[in-house]
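According to Swiss-Prot, the feature ATP binding site maps to 26-33, 143-146, A172, 180-183, an assignment based on sequence analysis. Annotation source Swiss-Prot lists active site, proton donor at H33, citing sequence analysis. Look at Swiss-Prot and you will find Q57, Q149 tagged as (R)-pantoate binding site, backed by sequence analysis. Residues or ranges marked as beta-alanine binding site in Swiss-Prot (evidence: sequence analysis): Q57.
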Amino acid sequence: MQVFETIGAFRAALTAYPTLGFVPTMGFLHEGHLGLVRRAKAENGAVAVSIFVNPTQFGPNEDYASYPRDPDRDLALLKEAGADLVFLPTPDVLYPPGAVTRIEVGGVANELEGQSRPGHFSGVATVVTKLFNIVQPQRAYFGQKDAQQCAVVRRFVADLDIPVEIVVCDIAREADGLARSSRNVRLTAENRQKAPALFQALQETAGLFRNGERDVDILENAMRAVLTEAGLLDIDYATVVNADTFRREQPCSDNALALLAVQAGEVRLIDNMPL
């Protein structure tokens with residue numbers, strides 16, 4: 001496994017790998033990330049992974065400074081998972097002095113997370129586009145947990161004619177249903193006990209949907225009731241949207257997606273489930 005910190009050195013190594021799968025990460029890796037790496041390895045001649053906590057996708061009052069980091073542990077896990085190339089840049093490598101260009105995505109990027117976290121998807125789109133230009137993969141792998149991010153990436157990849165296939169992989173979960181996330185390590189014991197209620201709320205709504213319920217108000221109220229009963233009261237959103245547009249429809253379509261965002265102490269938890 002080769003590790004690079006500069007764009008030039010990374011690009012020089014690419015000539016040895018005619019087909020490449022790519023997994024962009026912010027580090028502090030968990031089984032969800034490693035599952036993406038293993039799938040990328042199985043479906044491509046080689047796999048590249050980036051580790052970069054991207055400052056431009058964090059808001060002024062968000063957790064950039066406290067986001068967990070452990071690059072030595074990450075590299076050991078990636079070697080074990082079969083990664084071939086790791087790109088580990090510092091912020092000044094990707095955002096050198098004088099860099100001012102940002103990518104703004106409309107449509108799907110304006111909904112939900114786009115409203116709750118202004119500027120977030122512009123930061124994501126900018127850094128992912130830069131990484132695609134540097135890595136030049138045939139395929140890139142993302143987790144379904146960040147469902148709206150996946151939709152945003154697919155949108156700008158299509159709009160900007162970037163020659164990469166976007167592969168979205170199932171959510172990795174703990175035994176109690178909590179979606180795996182690097183931020184979970186920051187949950188207090190009390191909030192970790194409450195956190196599986198997100199998955200339970202999604203299951204409750206999925207059950208109603210399977211039984212024919214299409215009234216969005218009823219589906220959303222069912223999710224909120226489960227969260228409230230568990231003591232998760234700081235709900236950013238608990239909604240059912242069209243999985244393509246991320247807009248709320250009444251009644252909901254068969255192409256529906258239930259999504260949650262909840263603040264549990266200092267940690268913002270998100271989860272979703274296709275209905």
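Cβ atoms here come from the backbone N, Cα and C positions, even for glycine.
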For the binding-site residues M26, L29, A172, the one whose C-beta sees the most other C-beta atoms within 10 angstroms: L29
Other CB atoms, at most 10 A from the CB of S182 (ATP binding site): 19
Q57 ((R)-pantoate binding site) and G32 (ATP binding site), Cα-Cα, nearest whole angstrom: 21
Residue among recorded positions H33, Q57, Q149 with Cα closest to the Cα of S182 (ATP binding site): H33
M26 (ATP binding site): secondary structure state under DSSP, collapsed to three categories: coil
Number of Cβ atoms other than its own within 10 Å, given for Q149 ((R)-pantoate binding site): 23
Other CB atoms within 10 A, centred on G32 (ATP binding site): 20
Euclidean distance between Cα atoms of H33 (active site, proton donor) and M26 (ATP binding site), Å: 10
Other C-beta atoms that fall within 10 angstroms of the C-beta of Q144 (ATP binding site): 19
Secondary structure of Q149 ((R)-pantoate binding site) (DSSP, helix/strand/coil): helix
Q57 ((R)-pantoate binding site) CB neighbourhood, other CB atoms within 10 A: 21
Residue among binding-site residues Q57, Q144, Q149 with Cα closest to the Cα of H33 (active site, proton donor): Q144
Euclidean distance between Cα atoms of Q149 ((R)-pantoate binding site) and L29 (ATP binding site), Å: 18
